[in-house]
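*Asks:* Copying in the features that Swiss-Prot gives for the protein in this structure:
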type	residues	note
BINDING	ASP42, HIS246, HIS248, ASN282	Mg(2+) binding site
DOMAIN	33-307	domain 'Pyruvate carboxyltransferase'
REGION	439-559	region 'Regulatory domain'
Amino acid sequence: MSMLKDPSSKYRAFPVINLPDRTWPSKTIDAAPIWCSSDLRDGNQSLIEPMDAVKKLRFWKTLVQVGVKEIEASFPAASQTDFDFVRTLIEDGHIPDDTTIQVLTQGREDLIERTFESLRGAKKAIVHLYNATSPSFRRIVFNQDKDGIKAIAVNAAKLFVKYAAMQPDTEWTFEYSPETFSATELEFAKEVCDAVIEVWNPTPEHKIILNLPATVECATPNVYADQIEWFHRNINRRDSVIISLHTHNDRGTGVAATELGLMAGADRVEGCLFGNGERTGNVDLVTVALNMYTQGINPDLDFSDIDGVRKVVEECNQIQVHPRHPYVGDLVHTAFSGSHQDAIRKGFAQQKPDTLWEVPYLPIDPADIGRSYEAVIRVNSQSGKGGIAYLLEQEYGISLPRRMQIEFSQVVQRETDRLGLEMTAQQIHALLHSEYLQANTPYALVSHRLQEENGNSAVEVEVASKGQGETNLHWRGKGNGALEALVAGLPIPVEIMDYNEHAIGAGTNAKAAAYIELRVNGERAVHGVGIDENITTASFKALFSALNRSLSQPEAKAA
């Protein structure tokens, strides 16, 4: 079987929402929502190998540390394991005073009774009721009409009131989800939710949560936003209701649907760290939160050690985070492209402390989430001079002049093409050494002596000539400065086109780096590098580096 030529014979387009006066497109997100993690329930039930109690507790502690204040811990009536985990959290004091445990149940009385029993002794708790309301579930799964579906919700809501009254020492919050909300007729979703509201009788001081799931994402995010805004406008007793979002990622737009849903009037977001969950996953709380952060909004969640959080999630879920996952993937702060690297390097050079972040290609400062800058620029065959220069400067304090960056990038390009792999900063530094600092054929500087005479410099250098049977030569010259004197003493006509120097390090361990662009015998200019504790020695080494590289080129040998 293959894809249909006419998919409309099998699939229907999702109907649009009639909301011509929608206001959400002109709204912005200006504050963090209430966050609820469903990692331990919705996320856990989707794992090939669900977490054991040890992993669950480790995950719980991570969520608390990050700052999630509402955590859906389990479906306690589903198994003894889930029930026992809730008891462990309560009895062993793992629930901070500012954090609320949440549990899920269906509408049967035995399940509800067991759920409330699991929460005995909790200071406060959210009990979450759900039943599916969409036409396909009514017809295919439950064989119920609308009245039957509404009766399930209403009867269960009454049981919530009954069993909560038996444990008056707990501060209860009730939550209801018309599961498959996004595929349910809006009028009917409102009808069911209004009926639940009447049973629970919330007030502005003691609100209930109405959670509106895109259980299966079935339309573009703007449609979900229209549904949320319509519900926000029309639900009864809106001032006593917290509207919660629970999106999935079947169409790849769970984050967008959540953000538009918040613009449409929602107050709360349920999801999982890094988007774990059934099928393609729940909305990724980390991405939504850090999207807010990069817009200047405090998300009230702390991902200062995002790699530490990732480690816990990967080990507990036994699922690796994708290297391109927003904010946390191994490659999301990494540039291989030459033009990208050049822009990033220039951005870092101009970025001042305590100013607005404006480094190109990096929407967030990696340091804010505990990342170093080491992996920002990596070099492969697509890389250019900017990335190579950045790595040498950041890792080794070597600041190549601009024209030398171009020349050395060609050397690196040849090496990456040969290897077929990316090069590390260490490999690039080694290549710089072999290409420039070890360029000692045919002339290797052995020693030099410098004297100042009447404002002029006199230089004598001893050179090992490897092209003439390893004999040592002595060249002498005078000039206005050491380099000019050395050039005057060379038996080969050379012209210094450019010279740069800088210190590497500071204090007693500092060294000098010198860079010379040299034209030999009127040929194409090449660069040389010298590094030494003495700046004069470094400049002489740089000149011999350039001289030898020029004389070693094929065109020089042919001449």
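Every residue, even glycine, has its Cβ placed from backbone N, Cα and C.
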*Asks:* I want to verify one value. Collapsing DSSP to three states, which class is HIS246 (Mg(2+) binding site)?
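*Replies:* Where HIS246 (Mg(2+) binding site) sits, the three-state DSSP reduction gives strand.
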*Asks:* In the same chain, outside ASP42, HIS246, HIS248, ASN282, whose C-beta lies within 8 angstroms of the Cβ mean position for the Mg(2+) site?
*Replies:* SER38, PRO213, THR215, THR247, GLY254, GLU270, GLY271, CYS272, GLY277, GLU278, GLY281, VAL283
*Asks:* If you skip the near sequence neighbours and keep only those at least six away, which residues in the chain come within under 8 angstroms of ASP42 (Mg(2+) binding site), Cβ to Cβ?
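*Replies:* ASP42 (Mg(2+) binding site) has long-range Cβ partners GLU72, GLU270, CYS272, GLY277, GLU278, ASN282.
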*Asks:* How do the residues of the region 'Regulatory domain' (439-559) split into helix, strand and coil according to DSSP?
*Replies:* 33 helix, 58 strand, 30 coil
*Asks:* What is the total of other Cβ atoms whose distance to the Cβ of ASN282 (Mg(2+) binding site) is within 10 Å?
*Replies:* 29
